[in-house]
Amino acid sequence: MKINFAETIMRSNRTTSVTEFLFSGFPKFEDGGVLFFIPLFFIYIFIVIGNLIVFFAVRMDVHLHNPMYNFISIFSFLEIWYTTATIPKMLSNLISKQRTISMIGCLLQMYFFHSLGNSEGILLTTMAIDRYVAICNPLRYPTIMTPRLCAQLSAGSCIFGFLVLLPEIAWISTLPFCGPNQIHQIFCDFEPVLRLACTDTSMILVEDVVHAVAIIFSVLVIAISYIRIITVILRIPSGEGRQKAFSTCAAHLGVFLMFYGSVSLMYLRFSATFPPILDTAIALMFAVLAPFFNPIIYSLRNKDMKIAIKKLLCSQRMLSTSTS
């Protein structure tokens, strides 16, 4: 009995021994980490400023006060916090000798990163449905997509995105972690963290299936919407009408392909393992490059957005000159 009691205590101590995780996917500062720090820093600044410009351009231009641009502005706002959940910690790890994160910090990073990602995914699905109604049922569009419904869909996307992940994070927080504590990724993610748990790892497969079902469902809804949209657009007799209809959907379709393309590479591989370099590249595409191209796509592919951004920047210049 004494031996069993001692073993129980030792086992209990082992399960609570890990209080922080170590990121192993970053180069050390002396090995050229600063070379990665500089471009990543400027990319992050561009993401924040670019998405802020898109957000305020929509909010301050009355011509863009409609459901489509409202969803774009919300998506841009979410992108800022989506990248802020991971990139500042990445930057810190590139120039720090201690590339660690606390257990609570890791759980919070996972929660906010994936909650914001879920909200963006739901919002992209909502945007596809909005474009479907606008092009396939243009006469009924004003009565269907009312400002009230638009606000409800925007709020619902964010609320559901944050609520749906709570049980998963709560479950992970109860798992025992007794070592090793090296996360083979550049940010805290479900699969690398779950592999470190001192428990049955078969739950990883369940996690993969849940994520895969959610991703595939969203992709199917968006794909079906755009198949229907394209068939309707091709029936438009005038070339100018077809071009105008395509232009309203091109930006959203580009963001959709970037977002879900990187998400699919990241989370639809199940037990398949990639080389560490490829794994890191996919993670960067998912967490950094897709948000980087969002303001570029919306500003370059949309004439109304270009005009609104020019107005915003010109008003800021006039304000700065008047105050000086």
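Every residue, even glycine, has its Cβ placed from backbone N, Cα and C.
As given in TrEMBL:
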| type | residues | note |
| --- | --- | --- |
| TRANSMEM | 34-57 | transmembrane segment |
| DOMAIN | 50-298 | domain 'G-protein coupled receptors family 1 profile' |
| TRANSMEM | 69-91 | transmembrane segment |
| TRANSMEM | 111-129 | transmembrane segment |
| TRANSMEM | 149-172 | transmembrane segment |
| TRANSMEM | 209-234 | transmembrane segment |
| TRANSMEM | 246-268 | transmembrane segment |
| TRANSMEM | 280-300 | transmembrane segment |
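Only pairs six or more apart in sequence are counted, and the transmembrane segment (209-234) with the transmembrane segment (34-57) gives fewer than three Cβ pairs under 8 Å, not enough to call it a contact. Counting residues 6+ beyond its ends, the transmembrane segment (34-57) has Cβ neighbours under 8 Å at 27, 64, 72-73, 76-77, 79-80, 83-84, 87-88, 90-91, 94-95, 288, 291-292, 294-296, 298-299, 305, 308-309, 311-313 in the same chain.
Remote same-chain residues near the transmembrane segment (280-300) are listed as 25, 40, 43-44, 46-47, 50-51, 53-54, 72, 75-76, 79, 82-83, 86-87, 113, 185-187, 189, 251, 254-255, 258-259, 262-263, 265-266, 274, 306, 309 (criterion: CB distance under 8 Å, separation of at least six residues from the stretch ends).
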